[in-house]
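Visitor: Have a look at the structure that comes next, please.
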Amino acid sequence: MALRMLWAGQAKGILGGWGIICLVMSLLLQHPGVYSKCYFQAQAPCHYEGKYFTLGESWLRKDCFHCTCLHPVGVGCCDTSQHPIDFPAGCEVRQEAGTCQFSLVQKSDPRLPCKGGGPDPEWGSANTPVPGAPAPHSS
């Protein structure tokens, strides 16, 4: 119902400019699969690749950002991709061509998926402990 009011242009009087921004940004942040960064561009035009969008309409950019038109105040976008951040040193992240999906592959042979090894407390980019591994001893 609220979106129907937005699309009909009736919400401006009820919610005001900031109310519209808050409503649409809360909807963006609740979008399934959105667990990464979001940003807002004030006064940005609501068009992408030659197509124009109206208030409340959204589109998916080639760089995996889901954007929503907040006309006349701007555009809000959130990254929909989920990038692995903690993985064995012998692996690397690859984006699957033409999609917003990522996978872990072996550095030595990117055609093969990443193999998990035994527990290694030094494992990963964040140097986080492996679940179930013994705690390091302090000296």
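In case you wondered, yes, glycine gets a Cβ from its N, Cα and C as well.
Summarising the annotation, Swiss-Prot assigns signal peptide to 1-35. Among the features that Swiss-Prot reports, disulfide bond is placed at Cys38-Cys78, Cys46-Cys69, Cys64-Cys100, Cys67-Cys77, Cys91-Cys114, with the record citing similarity to another entry. Positions annotated as region 'Disordered' by Swiss-Prot: 108-139.
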Visitor: Sorry to bug you, but what's the C-alpha spacing from Cys67 (disulfide bond) to Cys38 (disulfide bond), rounded to the closest Å?
Guide: 9
Visitor: Please report the distance from the Cα of Cys64 (disulfide bond) to the Cα of Cys77 (disulfide bond), rounded to the nearest angstrom.
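Guide: Spelling it out, the Cα of Cys64 (disulfide bond) and the Cα of Cys77 (disulfide bond) are 10 Å apart.
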Visitor: Between Cys69 (disulfide bond) and Cys91 (disulfide bond), how many Å separate their Cα atoms?
Guide: 38
Visitor: Taking Cα atoms as reference points, rank the disulfide-bonded residues Cys67, Cys77, Cys78, Cys100 by distance from Cys46 (disulfide bond) and give the first.
Guide: Cys67
Visitor: Of the disulfide-bonded residues listed here (Cys91, Cys100, Cys114), which is spatially closest to Cys77 (disulfide bond) when Cα positions are compared?
Guide: Cys100
Visitor: Between Cys114 (disulfide bond) and Cys78 (disulfide bond), how far is it from one CA atom to the other, in Å?
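Guide: Each residue's Cα considered, Cys114 (disulfide bond) and Cys78 (disulfide bond) end up 28 Å apart.
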Visitor: Taking only the Cα atoms, work out how far Cys67 (disulfide bond) lies from Cys91 (disulfide bond), in Å, as a whole number.
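Guide: Spelling it out, the Cα of Cys67 (disulfide bond) and the Cα of Cys91 (disulfide bond) are 31 Å apart.
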Visitor: Which secondary structure state does DSSP assign to Cys46 (disulfide bond), in the simple three-class scheme?
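Guide: Note: Cys46 (disulfide bond) is coil by DSSP, not helix or strand.
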Visitor: Would you count the other C-beta atoms found within 10 angstroms of the C-beta of Cys38 (disulfide bond) for me?
Guide: 15
